[in-house]
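According to TrEMBL, the protein has these features:
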type	residues	note
TRANSMEM	20-37	transmembrane segment
TRANSMEM	72-93	transmembrane segment
TRANSMEM	99-120	transmembrane segment
TRANSMEM	155-175	transmembrane segment
TRANSMEM	187-208	transmembrane segment
TRANSMEM	220-241	transmembrane segment
TRANSMEM	359-383	transmembrane segment
TRANSMEM	395-414	transmembrane segment
TRANSMEM	426-443	transmembrane segment
Amino acid sequence: MDALVSLVQSINGVLWGPPMMIILIGFGLFATGYLGFPQLSKLKLGWRESFGKFLHKDNSNKEGSLSSFQSLATAIAAQVGTGNIGGVAGAILTGGPGAVFWMWVTAIVGMATIFVEAVLAQKYRQTRNGDLVSGPAYYISQGLKERNLAGLGKFLASVFAVLIVLALGFIGNMVQSNSIASVMSEAFPIQPIFIGIVLAILAGLIFIGGMQRIGKFAELTVPIMAVFYIIGSIAILIVFADKIIPTLGLILSNAFRREAVAGGVLGYTIKSAIRYGVARGLFSNEAGMGSTPNSHGVADVKHPAIQGAVAMVGVFIDTIVVCTATSMIIIVTGAADPELGYEGAQVTMNAFSTAFPSFGAQFLAIALLFFAFTTIIGWYYFGEANVKYLFDSQLAVRIYQVLVLGFIIMGTLFKINVVWELADMFNGLMVIPNIIGLVFLLSEARTILEDYNHQISIGEPLHYDYKYESINRHVK
């Protein structure tokens, strides 16, 4: 096992080196300028379209699709998981407080990236087995085919589809169940294997309900779990209010520190801050990884640009709100001291226990259960869309369901560092074919955005000629 960890760490050292930083941050910055700063011009639209319709209970989406809020909730269900609790803690432990700053940077520029992903997923969606399906595999294969690069598009799409099934459906869901088991078994007297079995049973009941059950589950649970966790985090920050400003200063100063500075038994540099900040930021908000377009692409909206704006809201909530809350409570309570010997989510549990000794551990265990379980559901769905791309067979979907349930149980039995390192590797590999596809199709995203802006400027009713508007209506 040590040899496997060493090998994967070596691969990650190369994979998450300067080239990956340049790819993720570079593409996000270029897309930001190329699209006219959608983080500023379209984020308000995203808030209005998602939460405005949710508050008015707009459930008029067409058969075989999800409402805009259900798509966002499914995406956030996947985004807001153990990366926000255990991943942030791991980034601070290994990259220092400065890693938090680089998570912010990844999120801000990643909003432009995820805007492009969602817009393209809307345009190139298709149908499989009675449901709309979409995601990078679909926009890469079809988009590059339109540019007379069918062979390259099919190759990249197939590679991506295989990687996302491995990265999220299998390895990623091991991360989620691993974190649930480690925290729940510490907060309550339960053996990890039994936790895994219960998780698998509950997840299976949702999986068999298909897209509609997954969307309804996410729509119900995501707002509750997010508010629950944020209130708990605010309570801790109130207790340690005098340390908030010094903590912000520590984050900024460590983000650009060139020399190693002792932190417990570790030394933190700008290199480690960037490496772990960007890696954990990507694992958390998934911008550029190509996961959330699988849900955003099937949203029932009037124009693709609308769902692009909604997708940016997911990144904002995930990283700027939830990850920041976790980072602050870990640092203000001193829970990230490596000499304490805690790993991952246990660090965040230590923060809650420090502030609230009588119930802090139980509070976080329940929060993590919600976060990680909803991520399991979201990641399962993303993987399913790509199984449908690869095989277009309901039997293949059933086999995939059984395998995912098995990996959920297996995840409770592994050491956490092994699972996280594997997740980092597969997440990084997913970025490569997705970003290549986005580079070829970025101009298409701008054309769609310009079409939206033009219709708004002249006061036309919003309309877009979808090829697949719903499973019952094949347009054009």
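One-based numbering along the chain as shown.
Just so you know, glycine gets a Cβ as well, placed from its N, Cα and C.
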Interface-richest range of 72-93, 155-175, 187-208, 359-383 toward the transmembrane segment (426-443), CB pairs under 8 Å: 155-175
Recorded stretch that, among 20-37, 155-175, 220-241, 359-383, 395-414, has the most CB pairs under 8 Å to the transmembrane segment (99-120): 20-37
Interface present between the transmembrane segment (72-93) and the transmembrane segment (220-241) (three or more C-beta pairs under 8 A): yes
